[in-house]
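For reference, the structure discussed in these notes is given below.
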Amino acid sequence: MNLNLIKAGNNIPSDIYVIIEISSNSSPIKYEVDKQSGVLFVDRFIPTPMFYPCNYGYINETLSLDGDPLDVLVPSPYPIQSNVVINCKPVGILKMHDESGNDAKIIAVPNDKVSKEYENINDISDISELLKKQISHFFQYYKTLEKEKWVEIIGWGDHHEAKLEIKNSYDRAKKNTSLK
């Protein structure tokens, strides 16, 4: 399976494909897909005993400011296994910094064709306050026990900000590819 062949979506930035690396509620293990081979590697064991509150993945053909593809969190009724692609719509963004710089997280829910459960969720304001608190709490503290690692939560942005971040990351990747 070559995940590099997966496009960013059907209608960037409103209709995206998210490649899942980590299932929701999974153990504190940070997995990362090697972008060259498409193989899922263990990046590290997270010493803080916390689990991911949502499925965690990325949008192919994007380049965020930290030099990696754009990170995405996908709430779903069930955990989605790693190395699976899900069609989503972006609804918001968690703006944050870590030891490597800007590290935004897009919040995207399954597309209406994938799940009717999310058809009325179109903006971060439609996401429950509890889930938003769980997400920000996780990212605020999951690196606490790792030396020289830290996170600063800046705040939430709406679906317009999320789509702008996706578009900018997509354009950045296209520009970066054309420079090579």
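Placement of Cβ uses the backbone N, Cα and C atoms for every residue, glycine included.
Note that the structure is predicted; figures quoted are calculated from it, not measured.
Same-site candidate for Mg(2+) 1 binding, as annotated by Swiss-Prot with ASP66, ASP71, chosen from ASP15, ASP103, ASP112: ASP103. Looking at TYR56 (substrate binding site) and ASP103 (Mg(2+) 1 binding site), their Cα atoms lie 14 Å from each other.
Ranked by Cβ neighbours within 10 A across all protein chains shown, the binding-site residues ASP66, ASP103 are led by ASP103. Distance between Cα atoms for LYS30 (substrate binding site) and ASP71 (Mg(2+) 1 binding site): 13 Å, as a whole number. Counting only the Cα atoms, the space from ARG44 (substrate binding site) to ASP66 (Mg(2+) 1 binding site) is about 18 angstrom. Other C-beta atoms found within 10 angstroms of the C-beta of ASP71 (Mg(2+) 1 binding site) number 21, with every protein chain shown included.
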